[in-house]
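For reference, the structure is listed below as structure tokens.
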Number of protein chains: 2
Amino acid sequence: MNIVKPQTIAGVMELLPEDQIVFDKIKNTIEKTFLSYQFLPIDTPAIEKNDILFAKGGGETEKQIFAIDSSKKDMSLRFDLTVPLARYVAEHFSELNFPFKRYQIAKVYRGERNQKGRYKEFYQCDIDIIGNNSLSIHNDALIPKVIYDIFQKLNFDGITFHINNRKLLNGFFESLDIEEKEEVLRTIDKKAKIGDEKTKELLDEIVGSEKSEEILKLINTDKGNEATLSYLENLDLNENYKKGLKELKEVYKYMLKFGIDDKSILIDLSITRGLDYYTSTVYETFLDGYESIGSVCSGGRYENLAENFSKQALPGVGLSIGLTRLFYQFQELGLIEKYRENFTDSLIIPMDESLNFYAIDIANKLKDEGFKIDIYLEDGKFKKKMNYADKINVKKVIIIGQEEYEKKLVSIKNMENGEQVSVDINKISEYLK
Amino acid sequence: MNIVKPQTIAGVMELLPEDQIVFDKIKNTIEKTFLSYQFLPIDTPAIEKNDILFAKGGGETEKQIFAIDSSKKDMSLRFDLTVPLARYVAEHFSELNFPFKRYQIAKVYRGERNQKGRYKEFYQCDIDIIGNNSLSIHNDALIPKVIYDIFQKLNFDGITFHINNRKLLNGFFESLDIEEKEEVLRTIDKKAKIGDEKTKELLDEIVGSEKSEEILKLINTDKGNEATLSYLENLDLNENYKKGLKELKEVYKYMLKFGIDDKSILIDLSITRGLDYYTSTVYETFLDGYESIGSVCSGGRYENLAENFSKQALPGVGLSIGLTRLFYQFQELGLIEKYRENFTDSLIIPMDESLNFYAIDIANKLKDEGFKIDIYLEDGKFKKKMNYADKINVKKVIIIGQEEYEKKLVSIKNMENGEQVSVDINKISEYLK
């Protein structure tokens, strides 16, 4: 038999079961929280038509796409969950209720260069609320509240939402007669990475020293939220600016009302998020003390979800957690240990096959009582059996020998301290607790 | 803006949210049951190297594969979860504990012809137990018990496991000096579809009339399990036959012991399952009263999971539910209705924006108490708001107007009978129960 070396393709995350359990636990926490806010599940095919995926024009994504090798070359794997959502909402428009609150947790595919912490296949966990023609700005405050709950349940006390508004920024640039808005946004977006000085230098080149000073004055407002808001209030600029400021204030006010702590919100005028897609609220989210891993959840509001697929105006707001990358970062930081718990509490070991039936009766009973119980039915020496118990890391082993069977007993061995006791079969559950 | 027609690729299942909820409920029932028997989760990449996928030789699967269009043409989407499991176990062999009990619920991909009920992308729900060098035959009885529990939880009282043993069949053929074993197996496998007469005809052609009569006598034993077993016992043939019979008896005995009702087991010598892969126990599973939809869960025992990836002998036993196809069949039979439940119990409607904060307080409180509650924050006429409540099918609407706010009340409208009552804000939960 010719042996093929067993290996995955490069650049994918594949976990051993003990880590997969932790991954699933985090994923379930995210999903349960999405559901608790009445977001509806959808599940779209991983393969979409190319004219859907590239309706916006290909660009960078087209280079990273996993195309399906068919004679017609007309389908590929999705690279995000937003395009499929847009297609879904447009396709099923008449059968959905708006505002449409949906979540999707699924794998997406990008031909990333092989690089640590970058994956060709990764989970995205997306929530979005889509309106039909209009969508209240208050939804922009609900979305981060859902994420806030998730990280609280994952035992992160400190999380900070950096929020901003693109209308406000655009209005501000207009007030300075800046035409290179996109370029300026792109430069500001890099500020956290390249620092103030380098940002100033780049902005000087684009808009001149005077205007760049004004921009930096605006985006460096870190006086606290209330002070920032009154500073912005005092600027009193054009309509676009005022509209953006009003939205920003409303989002901030409602975030507090939904139950997000003020110290978890930072009005941060330097957050810009991408370039053409977002039109109003934008967010980035940082875990306090772990800011270096970057934003763990980003998103914002967009004018029109499905302009390539429908004439319907479908404004929306959404946030997305890149779970695979986040899990990698948790691994690097040693944070996943705190989510570990015993998969199997107790293992039942019959000493030989003739005791299997007695062991199965006990296993069935304990399982019905809710214990995470397993039974070892393989042949072999006692040592081999105990070895298995040791490896799967159970707290207690229930040993069944001929003598125990005759006396209607079991022996329970505590694997932590090595102690062993004989217990009546009707009292096992008391000893397992 | 150029509008692209929003549609999925052909031959995939995409559900509306109300059906997706039911699909997820069934999927969760399957997953929870797998976990309750201490099967470990794994999650392998959907894309595998071609030399992994085709290690066994391409054949039919290669024609149906979704290859990834890369310059090297060296990867494709998985077409089942068994090859990835084999690769996984071989790759991580030294880090796994055996017997290795794993489940995987994931999508697989096959370029099926477009046809009703056939999908290019579908969920498989697999459980397998893999041994290192050896694996007790008792595992072959545990696996169907897990499936039994699943369909009980899904409210199917009647389910029948048709079980057989390939060693027994092969031994029987050997005793008749039949060399065309594979051809005979393939013909027997069709019996349920083509009927006894046609089967006899085909067998006559392969082995001659005399031997085909013997075969039909064997595979038509439907005298009840105990009677079938003593009939088989009395045949007293070669070693292979005896070994198979011993295994079959053991599996049957342990299935009963694990808690499967005798009327849910049928020793059925006409079940053969595929051709080269299975070597001992084979199963097919039918839902009583819905036999026409075919086997809902099939599998068996194999000698060596990963012979193409490892020199290690890795015997295993597994069963698989084809969930997407099963769900389609449930839809066709109108069976999914019984799994529907309210996604949102109550909707809070503030009459105008000034009452939002009061409404949010109430929503937060009810949510904390465990109610499936949502709040409608969009502007609009009251009628539009009530329309939304009606569409999402909530049982109760909590209406908040200025007067209610001032008196610390809410109005609760029962959407089933139209009755409306005023309720003190501290007593809302009593009215929602």
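Cβ from N, Cα, C; glycine included.
Here TrEMBL has B:Asp80, B:Leu81, B:Thr82, B:Gln124, B:Asp128, B:Arg273, B:Tyr277, B:Tyr278 binding L-histidine, and the candidate from B:Arg110, B:Arg113 in that same listed site is B:Arg110.
Summarised as a single figure, the pLDDT of the domain 'Aminoacyl-transfer RNA synthetases class-II family profile' (B:22-350) averages 94. Proximity to chain A, defined as a CB-CB distance below 8 A, holds for none of the binding-site residues B:Thr82, B:Gln124, B:Arg273, B:Tyr278.
In the three-state DSSP scheme, B:Tyr278 (L-histidine binding site) is classed as strand.
Taking every pair among B:Asp80, B:Leu81, B:Thr82, B:Arg110, B:Gln124, B:Asp128, B:Arg273, B:Tyr277, B:Tyr278, the residues recorded as binding L-histidine, the greatest CA to CA distance is 22 Å.
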